Every structure is written in C-alpha cells, then in structure tokens.
Amino acid sequence: MKIRIDIPHHPYDIQIEKGCMAQAGQWLRELWQPQKVVIVTDNHVASLYAEKVKLSLEDAGFQVAVFDFLEGEERKNLTTVQKVYEFLVKQGLTRSDGIVALGGGVVGDLAGFVASTYMRGIHFVQIPTSLTAQVDSSIGGKTGVNTPFAKNMVGTFAQPDGVLIDPLVLETLGKRELIEGMGEVIKYGLIEDPELWALLTELNGSVESILEHAETLIEHSCQVKRKMVVEDELDNGIRLYLNFGHTIGHAIEATAGYGKVMHGEAVAMGMVQISKVAEEKGLMPAGITQSITEMCQKFGLPVDYENWEVDKLYQALTHDKKTRGNTLKLVLVSELGSAIIHPVSLEEMKDYLVK
C-alpha cells in the first residue's frame, strides 16, 4: 500500500508492505540517482538489518557506508550528531548525496536532524524498524535531539524523500519495545479514528494479536498522520492534536532520565493523567478516562508513573514546544475520535499534575 503525503513543496510516499525491506535498493533507486549514501542506525538494528540493506543498496548502484551508534534515547543528543557530521565529512558526502535512517524513533529523529542541517540540508529517507517509528515519528518531517532541559528541544522540520515500512521487522522487537508503540496507535484512535478504536477494542491485547494486525494498525495510523501533516505541516493547528498525552509524557521522559521510560509508555501515562483531570473539570466526557486506562492496560502499557514529582514535572513542562509565552496549548479529546485544543496558563497546568 502507498500513502501519499501531498505537501506542495515536498510530496512523498509511504510504502507499507510485508517484506519490502529486501527491496530497499530498488525502492531508493526510484527516488534517487546512484550516489553516495550513509546508513545511520544504532548498534542493535545494525546487527539485524544493516548488512541486508547495504547489499540491497549496493546492488542498485549506490556507494554505501554505515554509521551506527549505541542504542537508546540517551544517545539522541548533539554529541552523537557531531559524530555523525564527522563521519559524513570523512565519507565525502556532498549535497547531492543522502542519508538512510534505518531504525526506531531515536535513529529517525537524529538522522533526519543531521540530514536537514549538514551542508544546510541533504536528502534523506526513513526505513523505520519499531512500531512507534512506523506509525508516528518517521512521518511528517519532525526531526530533533534531546537536551538536558527537554525532549526534542533542538530540531527542524524537514520532510524525507520517502518512507519504507516493512511490518515483518516488528517480529524481531522485544515485547516491551513492541507494546510501547501501541501508546501512539491508541492515541490515533482517540483523536481521529473511531474505526481504529473499534479494532483495538476487538483485539485481545496480546503480542500475537498486535503482530497479526500490524499492517492494518500501521495503515490506519499513517492515514491519520497524513491528514494532520498535509493540513498543518508546521504544527500550528490541527497537527497539534497528535500531541495528546505528549505534554505530560515528554515531561515524564525528561525527569525519569532519557531511556528509562519508553516514549509510548510515557504517552500512555500522559493520556491517562490528562484525561483524569480534564474529566474532573468537565472538559472531557464522563467515563473516557476509564476507557483509555483499560485500553492501555489491555495492551500492557503503564498507566501510572511511580516516581511522580510535581515540581520536577512542572519544570520540564515549562520547556514544552506547544508553549507560547505563558500559555500552553493542551490537547484534549472532546469525544471518541475528536480532539480539541484547550489553552491553559502554565500556572493552570499545575492542576493537571495533581494525582
């Protein structure tokens, strides 16, 4: 299946197909002329797929080098970025060459940032290997790295030339790594796609059920992301809906120490906490918090953060990218499949941190 991201200045396709990673070279050859390519990945993904993708690209006429770094959210920083820059220089990459981001969200965010800033921008594509990356972070052109202050605090908007999604690679993920991606899938059902929510309701929550329906879950999620990105590429309006659960979720990730709590886990806890307080305030429908909680628990996602410290979380919230002046654009769900923006002051935001 192909999904067109029809952004006027940079349209591209998402290709979703079981086994398509084996044809990575042919796919890229349709996008780029033969040239130098650097595959950016982490050490874990490299051990599974780097050689396979490298050979496929070489067979298609590309000159390929591989840069891998130690896996983990804690490596998504400017120190790693500098190492990639140095590698690109040593390989002699010019503005006519490109980067292949092969990995999960950490790899995709970092490689995209490098591509968008090296020589003021070179071409890149995404080959996501985690569920979170396949349904969310590889699509839409947000790149970035973390700082000690906040997640993704330094970043750019830069669209890839294409996204290649192979659902079969999810079978090599650990249980926790697969399940955390369901945090984003559940979010899509809540903010835009009641049909997806209905499917999630039917599934029993097992790893087997996720893998069996992975292609459908990915397609639904990508269609929601496509709609939001095409209508609002730069995150000023409808695309903000994608941040449901992320305001508190990002704060949890930052205060826990990057890599301690996985992104989808933090999103799940963020959705539950925001919904609980918003429902108490009459801003979200009665009973929706219970529905979200039960859905997250069914798939094995955490719903409560054990190291809850209001002051630390609040400090992290003050660096949220949805903040404008003293106002934060909070995303709420007005009804199943429909989201709204609810502006609150930073002071009011403290209410949403009360357990």
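Keep in mind that glycine also has a Cβ here, set from the backbone N, Cα and C atoms.
These numbers come from a predicted model, not from an experiment.
Of the residues proposed, Glu171, Glu184, Glu335, the one Swiss-Prot records at the same Zn(2+) site as His246, His263 is Glu184. Note on proximity: among Glu184, His246, His263, the binding-site residues of the record, the Cα nearest Gly105 (NAD(+) binding site) is that of His263. Close to Glu71 (NAD(+) binding site) in the fold, though at least 6 residues off in sequence, lie Asp42, Asn43, His44, Val45, Val106, each with a CB less than 8 Å from its CB. Within the same chain, residues at least 6 positions away in sequence whose Cβ sits under 8 Å from that of Glu184 (Zn(2+) binding site) are Leu131, Thr132, Val135, Asp136, Ser221, Gly264, Val267.
His263 (Zn(2+) binding site) sits 9 Å from Glu73 (NAD(+) binding site), counting Cα to Cα. Of all the binding-site residues in the list Arg75, Val107, Asp109, the shortest Cα-Cα distance to His246 (Zn(2+) binding site) is found for Asp109.
Taking the Cβ of His246 (Zn(2+) binding site) as centre and 10 Å as the limit, one finds 26 other Cβ atoms among all the protein chains shown.
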